[in-house]
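Remarks on the structure that follows.
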Amino acid sequence: MAEQVISAPRSLPVGPVESHGVGWNGMACLIASEAALFGYLLFSYYYLGASNPRGWLMEPHPDLHLALPNTLLLLASSVAAWWGERGVRQESKGQALAGLALALVMGTVFATVQVYEWHAKTYAPGTSSYASLYFITTGLHMAHVVIGLAVLAMLILWIAFGYFSPLRRLPVSNGVLYWHFVDAVWLFVFTTYYLTPLLGFAR
Amino acid sequence: MTPARSQRMIADTPEIGEVTQALRDRLEAIWETKPGFVGWLASVDHKEIGLRYIVTAFLLLAIGGVEALVMRLQLIGPDRHLLTPEQYNQFFSTHGMTMIFLYASPILSGFSNYLFPLFLGSRDMAFPRMNALSYWVYLASALFLYAGFVVGAGPNDGWFNYVPYASREYNPGLNMDIYALGMILLGISTSVGAANFIVTVFRCRAPGMSINRMPVIIWGTLTASVANLVVIPAVSLAFFLLWLDRQFGTHFFDPAGGGQPLLWQHLFWMFGHPWVYAIVLPAMGMVSDGLPVFCRHPLVGYTAVALATVATMVLGFGVWVHHMFATGLPGLSLSFFSGASILIAIPSAVAIFAWIATIWLGRPILTTAFLFFASMILLFVIGGVSGFMTASVPVDWQLTDTYFIVAHIHYVLIGINVFPVVGATYFWFPKMTGRLMDERLGRWNFWTMFAGFNIAFLPMHLTGLMGMPRRVYTYPAGMGFTTLNLITTIGSFLFAAGVLMFFWNVVKSWRGGAEAGPDPWKGPTLEWAIPSPPPPYNFAVIPTIATRHPLWEDDLDEGRARSTLDRGMTLAHGKEALATTSLDGEPDMILKMPEDTLAPLMLTLALTLLFAAMLGKLWWLAAIGSGAVLAALIFWTWPRRQLLEREAAVHG
């Protein structure tokens, strides 16, 4: 192999092509680190839940009426973002803009509903360790949603400028990947705060 | 745009060429850092950044050392009152913070930053701008953390900062808030740097350098970086939650509100113990690569050492509770973590036996660097055995929070970090500056440091066994501690004199040391194939690697395979580097590398403004800071033609 590098060099892609490029590896590192952050947050929840006496849960029977549809909405926004990225891959600017804009709107609705949920709570971050964990975990997730929405907004702007082509589109792939992460990690937060009490954890 | 040129934008067969002066001139013009102060601020050259890291970390080592000497003066005899108890608390906490967070890890980042592309046959790190960012944020967080100490509001609860003493109730000042926010800021620097090392190792090696041909220090830093990437969030989160508890009335660590003080210890040590390995594994890698050069023999058991490095870290994730044996955890938990902590001695021993075998089978040349590397083996054994002892729960219960633990941590951190790092400086200083360090002064330097260190810290085991608790600002006469403490103080000043000789040797040799030439030690790895100091582009042609020791192939004569160093890809169409596949190191892509830019510095300033505003709870200023961070990020990530991140702009 080694000799062929010099004697018979192959043609190589120049710069990031499609979703390949060191930028993709960098995004993977960012996501690994952020995923770990949520891992430690959820560890804190389970640790405090397991080490406190019964009655620690402020909501032993979480209300799913808003949270479940909102979760499905966030997941659907990932599909919309994927469809938008496909638009870039197929050189369909309309589909790209429509998909990402749809994801942006759905993400914004998710955030709005979440803010409403916060306001509807009967407790505040300072009420108890459960309340602190609930608000800080969902709050840090919200921070990631807001960053993800900003990323989607920038991508829409850049696509509108005609920056990308099926070959040159690494920023789109990376941005959409980040949005998928924001959605996927919510599943863990949602399961922890809304489903595990129903399954009996710490109840 | 002509079709041919457009085609070149997407794929190209790299030109193969010899090293010529014309090529060197062309690359020099492309890669050199622009002159002037702004050029200096904007530089993204990994060598420039590596040197800044090294100089800054050594300065902080000196500052942390002076703090230690002041404490040793306090403890020279019983009932001394040079420092008040509060001052003493701030001194030992700041000393720990400085040495562990601001010296031990950044110094290794500095060496790795400088050396990675040289080891790997690359033109730069994978993310040069992120590299600059990690340095600037490190500098900013060091200033941020020290701002408190300077005005008398430094951390005062030890470097691991246990609640409830760190809670507002017992610690109402700004001390802990500065420490908490500063550590989060530093965490950004470390994480960004870790990601850069990981991607550089996996994507930016010379063709032919499959992962079984990488120098061992690469394994060390890679392993440490993977760990850092996933454990830094634990400590950043812990400090963030502490800040919230202190300033916003949350109850994470407060038992009155259903919180748990032990949650702090869990989060801190889930980070803290992997971190301990992160600050020794790259230094062990330095020894694994440096020692064989002076033994004129390849490292014995390369594969075993590389795997032991990874195994140490894997086990290192499962030992954090051994810092918490005395907190009343269930017996099963104690047994598990005690077992894991004892098990970790095995991979450590693999490395030790490999080094001893290398010395045994080689023909050692007793240079100063060799002395530092070889002495590390002894210090590692002493520090390792005292660690092994405290992995046993009953022993730990007797020794925890005594000076025995202080002796252990210093054998580990000075023995496995400072000694290899000083050795590495003697070893790679000629590469970095083109000049050799003074060997005669080097001997004095080594023996003073070695004697001083052991005089200071060997008796300290005894001080601990006799029951002297750590972190007390003084002790009464008649406890049996007096003589031992006097000896430790004398040893510590001798050690400091040795460190001073080292600094003096660096300054003296940088100014007027003997010319080193490209390869003064006849080393085996790629960095010795290029001039000293290296040109901005490192390698005029990308080397092609066939063995683990490209420069020793003729001497070792292990087979017919030969690396090619003087002929290869020229990559001179602008600022270009080669990306290779992760495992086999086959050519994969031509990377367009970013030009020098002020974006990393701007982002750092914006982040620092944000953190300062959070400290002062000046929310309007925090809003400005956040806006500035956002603006800097948008400026940074805006897709650029030069980097081929986008097509030519077609507005509308």
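We count from 1, first residue shown onward.
A Cβ is built for glycine as well, from the same backbone N, Cα and C atoms used for every other residue.
All annotation found in TrEMBL is predicted automatically rather than curated by experts.
Residues annotated as domain 'Cytochrome oxidase subunit I profile' in TrEMBL: B:34-546. As annotated by TrEMBL, transmembrane segment applies to B:96-120, B:132-154, B:216-243, B:263-287, B:299-322, B:334-357, B:369-389, B:409-429, B:441-462, B:482-504, B:597-613, B:619-638 (among others).
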Proximity of the transmembrane segment (B:216-243) to the transmembrane segment (B:263-287), 3+ C-beta pairs under 8 angstroms: yes
Looking only at the domain 'Cytochrome oxidase subunit I profile' (B:34-546), mean pLDDT returns 96
Outside the transmembrane segment (B:263-287), at least 6 residues beyond either end, the same-chain residues with a Cβ under 8 Å of its Cβ set are 100, 104-105, 108, 111-112, 160-163, 166, 215-221, 223-225, 227-228, 231-232, 234-235, 237-238, 241-242, 252-253, 309, 312-313, 316-317, 319-324, 327, 351, 355, 373, 376-377, 380, 412-413, 416-417, 420-421, 423-424, 427
With the cut-off at Cβ under 8 Å and a gap of six or more residues from its ends, the chain residues touching the transmembrane segment (B:299-322) are 212, 216, 219-220, 223-224, 226-227, 231, 266, 269-270, 272-274, 276-278, 281, 284-285, 288-289, 291-292, 329, 333-334, 336-338, 340-341, 343-344, 346-348, 350-351, 353-355, 357-358, 361, 390-391, 396, 548
Same-chain residues at least 6 beyond the ends of the transmembrane segment (B:482-504) with CB under 8 Å of its CB atoms are 58, 61-62, 65, 68-69, 72-73, 75-78, 422, 425, 441, 444-457, 459-460, 462-463, 466, 475
Are there 3 or more C-beta pairs under 8 Å linking the transmembrane segment (B:369-389) with the transmembrane segment (B:441-462), counting only pairs at least 6 apart in sequence? yes
Spatial neighbours of the transmembrane segment (B:369-389) not adjacent in sequence (6+ beyond its ends, CB under 8 Å) are 283-284, 286-287, 290-291, 294-295, 341-342, 345, 348-349, 352, 355-356, 359, 395, 399, 404, 407-408, 410-412, 414-416, 419-420, 422-424, 426-427, 443, 446, 450, 453, 458, 461, 521
